[in-house]
Each structure stands twice: as structure tokens, then as C-alpha cells.
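Undergrad: Starting off with a structure, shown below.
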Amino acid sequence: KCTKSWECKDSIYCCNQTISEIFQPYQFEDLFHQRNSPVAHANGFWSYYNFIEASIQFQPLGFGTTGGQEMQMKEIAAFFGHVGSKTSCGYSVAPGGPLSWGLCYNHEMSPSQSYCDQYDYIYPCAPGVEYYGRGALPVYWNFNYGVIGDGLKVDLLNHPEYLEQNATLAFEAAIWRWMNPIKKKQPSAHEVFVEMWKPSKNDTLSKRVPGFGTTMNVLYGDLVCGHGDIEGMTNIISHYLYYLDNIGVGRKQAGTNVTCAEQVAFNPTPSSSSASS
């Protein structure tokens with residue numbers, strides 16, 4: 001086991017380079033260079049140092065520290081591919097291009113509902129609290145705030161607003177979701193991406209294979225996957241490839257399994273499981 005100063009302690013993964021050794025502040029600025037523009041909604045909120053601080057509890061678990069430097073950089077780009085696409089206010093003719101506007105938001109601007117599942121008795125909705133999307137990988141619904149809050153030992157169920165008040169915590173919630181499976185006996189997005197996960201025969205038949213494509217399946221299921229090349233999926237992929245280029249790895253290293261267009265969801269939503277796609 002190795003320790004790398006304050007950033008990565010007492011883990012075999014800390015024997016690799018830490019995130020701050022391979023991913024510099026100027027690269028973060030390159031990826032998200034429009035985030036502090038006057039029209040960005042979360043102007044002044046997100047920073048490189050919030051991200052590094054948030055990563056400290058996860059680097060010993062392998063986040064951004066698994067494999068050699070190329071895999072480490074690819075995982076950072078993959079994680080940010082999701083974050084950037086979900087927090088972007090880019091559009092086709094936006095200054096700097098549509099992919100340079102990640103981390104524009106830290107919360108959903110016009111929630112269509114309060115996202116309270118009244119039938120969840122494990123994580124009941126707090127009175128008067130709304131569970132609309134907040135954070136770097138936006139968290140929706142009381143049960144998700146409850147699970148992630150338990151994982152981080154922070155009371156997000158009663159205080160979901162913390163994710164739009166504290167950028168480090170918002171990144172921690174996103175990395176926690178990246179590092180943990182949605183259900184037991186399923187892989188996390190991290191395990192799928194760094195190829196620690198071995199698909200079962202059923203996974204292979206469902207076209208679920210290690211790589212970036214299956215991270216979308218883990219995180220969003222059939223909201224994004226199994227519907228061909230829909231915009232919700234291609235937008236995430238576009239951010240990932242753009243970030244690979246920007247941090248110097250290059251999109252040619254993305255590999256072959258980048259899409260989930262034909263994958264069966266790990267956790268089909270009840271309405272879609274019986275519907276034909």
C-alpha cells in the first residue's frame with residue numbers, strides 16, 4: 001500500500017499517480033472554460049480545487065487512480081463527460097462551441113415537479129422539501145438524495161439544497177454515484193469503465209460490455225440506452241470525446257464500446273419493460 005501526501009492514503013491505488021499529478025488546473029479550465037461567463041447560471045460556483053478535494057475520499061478506492069496514466073485520464077474524461085453534458089447550457093452556435101459550456105448549472109432551473117415519491121418509506125420526503133435536480137451529476141427524487149446522503153454521511157434527505165450550496169459536496173455526490181452500483185450485484189460505472197467488471201452471459205446477450213457506453217446504462221438505463229442514436233445519448237458521448245481531445249488523450253483512444261444504442265437496460269423502467277423499442 002502507498003500514500004501520496006494528503007491526496008491519496010493507504011491504498012494500492014495510491015501507488016499510481018494522483019489525479020492532481022496528471023490532471024492540472026489549466027486542463028480543468030480548458031474543459032469548462034465558459035462556466036464562469038456572465039451568462040452561466042452557476043457562475044463562480046465550480047472550481048478545480050473543489051473537484052480535487054471531493055476526489056480525496058475516492059482516489060484510494062480507484063477513482064482516477066486505476067490502471068496506467070492513460071486509463072486514469074480516460075476515466076476523468078468519462079466522468080466529466082457525464083457531468084459536462086448534464087450541467088451544460090451550450091447550444092449549437094454558443095460562443096466557444098456547444099461542448100464548452102459544462103458546469104453552467106448547479107441545479108435544475110424550472111422543475112416540472114417536486115420529485116417526491118410518497119410511497120418510499122425508507123427515505124420519506126421531508127415536509128416542504130423539493131427533490132429537483134441538483135449537483136454535478138444532478139440528483140433527483142427523495143430516495144436518491146437519501147441513498148447518496150447515507151453514502152456521504154450527510155443529511156441530504158432533509159437538506160437537498162446542500163448540493164447547490166457546496167461545490168465540493170456536489171462533486172462528492174457525483175463521484176459517489178459513479179463509484180457505486182445502483183443495485184447490489186450490479187457493476188458501478190467505475191467498474192464498467194476501467195474494465196474490472198466481467199459481463200455475464202446475460203449481459204453479453206443484452207449487448208452490455210465494458211466501456212463508456214455501459215456507464216450510461218448504469219447511470220440512466222433506458223432513459224438513454226436501447227433506443228438507437230438518440231440525442232440524449234449522443235450528447236453525452238460527444239462531451240466525452242471532446243474532453244478526451246482536450247486533455248491530450250485523443251478520441252482515437254476512446255475504444256470501440258462507446259455507445260449503448262442497442263443495450264438492454266440493467267434496470268428497465270416499469271413502463272418500458274413491456275413496451276417495444
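Keep in mind that glycine also has a Cβ here, set from the backbone N, Cα and C atoms.
Bear in mind that TrEMBL entries carry predicted annotations, made automatically and left uncurated.
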Undergrad: Which one, Cys125, Cys260, is listed by TrEMBL as the other cysteine in the disulfide with Cys225?
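TA: Recorded disulfide partner of Cys225 in TrEMBL: Cys260.
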Undergrad: Which one of these disulfide-bonded residues, Cys125, Cys225, has the sparsest Cβ neighbourhood, judged by other Cβ atoms within 10 angstroms?
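TA: Taking Cys125, Cys225 as the disulfide-bonded residues, the minimal 10 Å Cβ count falls on Cys125.
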Undergrad: Given a separation of at least six residues and a C-beta threshold under 8 Å, show me what packs close to Cys260 (disulfide bond) in the same chain.
TA: Gly213, Thr214, Met216, Asn217, Val224, Cys225, Gly226, Met233
